[in-house]
Amino acid sequence: VKDLIPNCEYYFRVKAVNKIGGGDYLELRNPIIAEDPKQPPDPPVDLEVHNPTSKSVTLTWKPPLFDGGSKIMGYIIEKLAKGKERWERCNDYLVPLLTYTVKGLEEGKEYQFRARAENAAGISEPSRTTPFVKAVDPIEAPKVFLAANLQSGLEVKRGDEIILEAHISGSPYPSITWLRNDEVVRPEDIKKRVTAPKKKKGESILSVRDSIRADHGTFTIKVENDHGVAKASCEVNVLDTPGPPVNFVFEDLRKNSVICKWEPPLDDGGSEILNYVLEKKDNTKAEMGWVTVSSTLRHCKFHVTKLIEGKEYLFRVFAENRVGAGPPCVSKPMTAKDPFSPPDAPNKPDVEDVTSNSMLVKWNEPKDNGSPIIGYWIEKREINSTHWARVNRNLVNALEVKVEGLLEGLTYIFRVCAENAAGPGKFSPPSDPKTAQDPIIVPGPPSCPEVKDKTKSSVALAWKPPQKDGGSPIKGYIVEMQDEGSTEWKKVNEGDKLFPTCECVIPNLKELRKYRFRVKAVNAAGESEPSPATSEIPIQDILEEPEIFLDLGAQDLLSCRAGTTIKIPAVIKGRPVPKTFWEYEGKAKTTAKVEATDARSEIIIPECNRSHSGRYSITAKNKAGQKTVHVRVNVLDVPGPPKDLKVSDITRGSCKLSWKMPDDDGGDRIRGYVIEKRNIDGKAWTKVNPNCGSTSFVVPDLITGQEYFFRVRAENRFGVGPPAETIQRTTARDPIHPPDPPIKLRIGLVTKNTVSLTWKPPKNDGGAPVTHYNVE
């Protein structure tokens, strides 16, 4: 029978047929389902073991590759304990899923497992058996994590509920303990506001109802099993108003002010203190209320002013955070009055280091009477006066002061008073009188003498005065000498014949003998210690080649004005004293005057002129050699007259002058030329221009037909020189040339013996009027 519909139920019947016809049908009693033939399924595949513990194990598998032609109704799980031969069924009912947890295992024993599939046709063969699995709990250290919203802490307001949630893992499953500030949280410890932690495997929730400020702190969940301990913490902040400030004290109490000082609250309410509110109350009047002093204080200190002396006050201070103001801290009663008095008087001052204009005054610190001393006032009085004068303008913080500006010779006394916050105290007794004068002691030693000069019988010494004169002027000096080979020092001069300056010449010494010298300074207090001694000095003449030093500002060139006196001074050095002589351009200058000494020579030329310009030489000569020094002298004067003055290009209104530079420029650059003209009938010269920079000039503004003389003078920075004049007179007129020919000649009336001619005058008359015409 073909073309059946799968899973449909069919009845079938059959009858026999012959030539006569069909007989009766034979029918099935029960319907037949059109389905493939059924058989038991294949075994399950990929059986695996998961999460073994000491009492259970979880199995997973995959369905058979072939279900046997019938739907899988479920699975049978079997186990085999190690050492036994018979498999035991683990499930009473077929397992409809692909996983099953086998329970009731004995801890420590090893088991194998297998699975069978069952359909309507029967039970499959078993799957592959698993390896032996030991029934022991897995080793997993505990872990705990707080909910994500708790990672950075939790902040709630007072009265809100605190909810802490944690996620837990570990094998075996760990025990759980909640702590606050390292102490175990119990409902009875927090007045039964704590809900016992909800215990659901994998999580734990702690709840605290109606939170108060005391609930803040660090909440910690601790989980523990045999393999370790894990913790997780959350900072819980319960916001509330701050507590009262503490340690309210008064500082620097005065009759009309006081500094109030306190410390922040022990509990800031879980939020930063924003400011403090300070109030005061008159405690002498019960009906008086609290008055706000300041409500915006950022610091724990405030200077309260405008108090009334003698009144008793109470103060209180509140702390405020963003939740609000907390309870106040109330001070003890305080009476507005100064708690101290001015200091006592210092002891009698001592006066030291007296000089002619200063003294050092010292004293001891007196009793301050409750307020630190802020400084001292010092007064002075001249012994014959009744007026005390203040020494310092500002308070002195030290226990001594140098008083300056005293008058030498006057006697002074001093007194001191101290000052604190209450004001200045009484003055000390006056000091002993002291006169302003420098103390006198012997001076310090002079410097080591130096040899300035020596001959075959004498030596010249020089030294520097002592650095300290001992308070008295140096009267003079005593020189001592020591002969060669001797240890004895002999005085060159006695105390009544002191050398007044820091130099001396010691005569009557023996030639080629060696001596040492030293010096003592003398003042009113006596002789000083001797200076360091010189080395041994041999007594003999000194030969020095001549040296010449010209005492001039410019040694190479000396410039002077004509008519002045030329002086060329020279300083001469050399041993023995050189002989000197002067020369001009290699020859003796007879008109010059020479003044000479051993150390100086000077040539003098009175009323010099340009002829005195040139090179002057001075020569010094002695046994040691010869030295010559030159100096060039330039006598400066006005320039000479210009040369070759000529007149050209004469017209009726101008003419041209030209000339050459003077032979002598006066020793200085010619700055220009002054040009003058004179009418032949006049006597005065008139300047044509103030200054001409070249050697030619066109003279303008001449009067036609007028006769003139001209002169030119050169000028330098010393003035205008003599003139160069024209000898012949110059007439102001244009030069005369023959005229041009007449133009436009025309023939007019013609007769038998006459002709009439007309023409026009020439364009250029040649510089003079046309007098007549010649007709040809």
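The backbone N, Cα and C atoms fix where each Cβ goes, glycine too.
According to TrEMBL, the feature domain 'Fibronectin type-III' maps to 1-37 (among others). Residues belonging to the domain 'Fibronectin type-III' (1-37) score a mean pLDDT of 89 in the model.
Among the features that TrEMBL reports, domain 'Fibronectin type-III' is placed at 43-138 (among others). Note on the domain 'Fibronectin type-III' (43-138): DSSP counts are 0 helix, 41 strand, 55 coil.
Taken from TrEMBL, the feature domain 'Ig-like' applies to 142-237 (among others).
The feature domain 'Fibronectin type-III' is assigned by TrEMBL to 244-339 (among others).
Taken from TrEMBL, the feature region 'Disordered' applies to 334-353.
Among the features that TrEMBL reports, domain 'Fibronectin type-III' is placed at 345-438 (among others).
As annotated by TrEMBL, domain 'Fibronectin type-III' applies to 445-545 (among others).
TrEMBL lists 532-634 (among others) with the feature domain 'Ig-like'.
Per TrEMBL, domain 'Fibronectin type-III' is recorded for 641-734 (among others).
Long-range contacts of the domain 'Fibronectin type-III' (741-776) within its own chain (CB-CB distance under 8 A, at least 6 residues past either end) are made by residues 733-735. Under the heading domain 'Fibronectin type-III', TrEMBL lists 741-776 (among others).
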Secondary structure content of the domain 'Fibronectin type-III' (445-545), with strand meaning DSSP E or B: 0 helix, 40 strand, 61 coil
Tertiary contacts of the region 'Disordered' (334-353), as residues 6+ beyond its ends and Cβ separation under 8 Å: 250, 253-258, 307-315, 359-371, 373, 376, 402, 414-432, 434
Secondary structure content of the domain 'Fibronectin type-III' (244-339), with strand meaning DSSP E or B: 0 helix, 45 strand, 51 coil
Secondary structure tally of the domain 'Fibronectin type-III' (345-438) (DSSP, helix then strand then coil): 0 helix, 41 strand, 53 coil
